[in-house]
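Per Swiss-Prot, the feature NADP(+) binding site maps to GLY166, ARG167, SER168, SER191; the stated evidence is sequence analysis.
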Amino acid sequence: MDPILLDGKKLSEKIRNEIRREIEERKTKNLRIPKLATILVGNNPASETYVSMKIKACHGVGMGSEMIRLGEQTTTEELLSVIDKLNADPNVDGILLQHPSPSQIDERAAFDRISFRKDVDGVTTLSFGKLSMGVETYLPCTPYGIVLLLKEHGINVSGKNAVVVGRSPILGKPMAMLLTEMNATVTLCHSKTQNLPEIVRLADIVVGAVGKPEFIKADWISKGAVLLDAGYNPGNVGDIEISKAKNHSSFYTPVPGGVGPMTIAVLLLQTLYSSKEHFTPPVQ
């Protein structure tokens with residue numbers, strides 16, 4: 001069987017169309033439309049780009065959007081005050097603090113100040129804890145986007161060996177937990193993992209979440225593996241050597257156009273869920 005490309009751009013557009021239809025229906029009934037508030041602290045050019053993409057995505061589906069721009073010298077206390085105001089605003093359904101913040105900001109304190117009911121980016125400690133216990137919550141956007149890609153293509157991970165390379169709290173760790181919820185047998189690898197190539201060769205499913213260009217080599221990949229590349233590095237390459245590895249995979253995500261578009265689609269989807277006062281459905 002020829003390898004099948006997991007087209008995140010196509011699925012992302014499908015999700016956005018569904019959101020757009022629901023918002024248009026709300027407008028015809030004179031109901032309040034969902035609104036996402038995004039906080040940008042400082043002048044990081046990459047963050048500026050990401051925030052612009054999110055605002056454009058909101059407008060594209062008819063969703064309300066508010067951007068709060070704070071200066072480079074903003075203190076943690078000033079940021080927390082802004083978050084408190086957004087928490088109290090009944091017209092704001094989701095709050096996103098763009099990462100990274102300037103070094104003087106206690107980013108964990110800021111994330112955890114976001115109301116659990118408005119944590120549509122799945123970044124609070126409470127959301128992470130509920131995810132680990134299998135309790136309904138809002139999920140980190142990139143891992144949940146990967147889950148939706150798997151489901152869209154009917155890829156059953158139950159009983160399969162999955163290897164996640166990278167253990168960041170917003171990607172690697174939650175990805176491992178979601179795959180566990182889907183009954184995969186998961187190995188979570190990191191910088192101290194020994195014999196990494198041998199571990200990856202045993203995997204039916206490989207998730208690249210390490211943030212290093214083409215770190216996972218093609219000759220580490222077993223025939224028929226599912227390749228899920230969540231990395232995006234200079235040169236339009238991910239964390240897996242996809243250009244070579246895809247030839248003996250069963251399914252693979254391209255870079256760009258695979259996992260990336262799903263992240264913003266999930267952010268919009270979870271903002272819509274929040275506006276309806278329910279959480280993201282279980283992944284099983």
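FYI, residue positions are counted from 1 along the chain as it appears here.
From the backbone N, Cα and C atoms, a Cβ is placed for every residue, glycine too.
Each of the binding-site residues SER168, SER191 was assessed for Cβ neighbours inside 10 Å, and the highest tally belongs to SER168. Excluding GLY166, ARG167, SER168, SER191 themselves, the residues of that chain whose CB lies within 8 A of the CB mean position for the NADP(+) site are, in sequence, VAL165, LEU171, GLY172, LYS173, CYS189, HIS190, ALA209, VAL210, GLY211. Here the binding-site residues are GLY166, ARG167, and the one ringed by the most other CB atoms within 10 angstroms is GLY166. Across the residues annotated as binding NADP(+) (GLY166, ARG167, SER168, SER191), the widest Cα-Cα separation comes to 11 Å.
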